[in-house]
Amino acid sequence: MSLLSDRQKEELHKSVLEYLHANNFTDAFNALKSDTGLDYAPDAKSKYAGLLEKKWTSVIRLQKKIMDLENRNAVLQEEISLSPAKRAALQTDWVPRAPAAYALKGHRGQVLKVAFHPTFNLLASASEDSTIKIWDWETGEFERTLKGHTRPVNDVDFDSKGNLLVSCSSDLFIKIWDAQNEWKNTKTFPGHEHTVSSVRFLPGDQHIVSASRDRTIRVFDIGTTHLVRTISGHSDWVRCVTPSEDGKLIASCSNDQTARVNDPLSGELKVELRGHEHTIEVVVFAPVSAYSAIRELAGIPNTDRSKRQGQYVATGSRDKTIKIWDTQSGQMLRSLTGHDNWVRAIVFHPTGKFLLSASDDYTIRVWELATGRCVKTVQAHGHFVTCLAWGRQSTSAGSSDGAKPNGAAASEPEKIVNVVASGSVDQTIKIWLP
């Protein structure tokens, strides 16, 4: 079946006859003339003379032009993808790179913790100077100082809606601040017998969980401020406590060189994780988005498609390593080495592809989870980097965890909020933006 109309066929045949005649291909000329049944006398002045050659060279010229344009297009596409603004818009795998967008100054002591507001462009920072400061991370502007604690403020966390901020301090108190009412200190929880080092809202925003140097983890009812449960088990200072995204598990870590996973309702110990050789500073649950990369890292067949919360945790320690654990078996799956000093903070990338860590070696490192390789080292601060947080993702799953956000909900794709904050002994907070 021909793609040409009858008129186009006739014109092509006449052009070919002209070409054959001009090149003295007499037999071919006669054969084509007889096969086509055309009564045509070649004429050097006719429009068909030289037409085939013209068409042929113009096709080659056009082909070359198309190839040139395609090459130019590829170069431009690459340039666009490398421009930071476009990269952020197009790519979900942004990670911090120097220099930071802002260095927030104002604290008079080391910055111990940072937490993002879940909906507004606000960041809370806790400091050794006994204050909490609120900042606008998009503009880098200082908003206000919250005073009430009398000793260093060790941790801060927003509830899932951003209505309340919780803080804990070496003054033994936990405080709730009302973000909708001029940040007033509306509740104070006594209950610990030594420095309170970590505090988190449990999903549902009805309870808070705290960890202390008195070796206990405590769960408080926010409405009544009553102590609901005391969980013992660690034999030394409990440094950090964090809930799984569904709130069914809590993970804690301690100077006793172990991390533990408990049921916050019954207090029952689910697993104890042993393997670090020094104080564990931080523990964080892996988001579901990281499960396939973790399984690849550990060589676990990805036949288990389970999306159950709390299957894996990561810990960071003064032994300079980060370890990834299976909370079912208590098995250590991988140890990530590279930092030259204590690891103070870790946070999973919202896509689950990377893990970020902050250390007393002044750097933030980016680890590719599937391979365990350190793919980037950012010279972050002029002193120890104490804390790290990723902007809260707008998930439908209620509360995720502020200073250690649990990434996007399983209902991908979510719009990823590309902002990272780090705090340091140098008394500054750095804001890292695309």
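Quick reminder: no glycine exception, Cβ is built from N, Cα and C everywhere.
Straight from TrEMBL, the features:
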- 6-40: domain 'PAC1-like LisH-like dimerisation' (DOMAIN)
- 104-145: repeat 'WD' (REPEAT)
- 146-181: repeat 'WD' (REPEAT)
- 189-230: repeat 'WD' (REPEAT)
- 231-261: repeat 'WD' (REPEAT)
- 310-335: repeat 'WD' (REPEAT)
- 336-377: repeat 'WD' (REPEAT)
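Here the repeat 'WD' (189-230) lies next to the repeat 'WD' (146-181) in space: the count of CB pairs under 8 Å, restricted to residues six or more apart, reaches at least 3. Confidence for the repeat 'WD' (146-181), expressed as mean pLDDT, is 96. Away from its own ends, the repeat 'WD' (310-335) comes close to residues 244-246, 248-249, 251, 253, 257, 259, 261, 270-286, 290-291, 294, 297-298, 300, 341-346, 348, 355, 357, 359, 367, 372 of its chain (Cβ-Cβ under 8 Å, at least six residues beyond either end).
Taken through DSSP, the repeat 'WD' (336-377) splits into 0 helix, 25 strand, 17 coil.
For the repeat 'WD' (146-181), residue counts in helix, strand and coil come to 0 helix, 19 strand, 17 coil, using DSSP.
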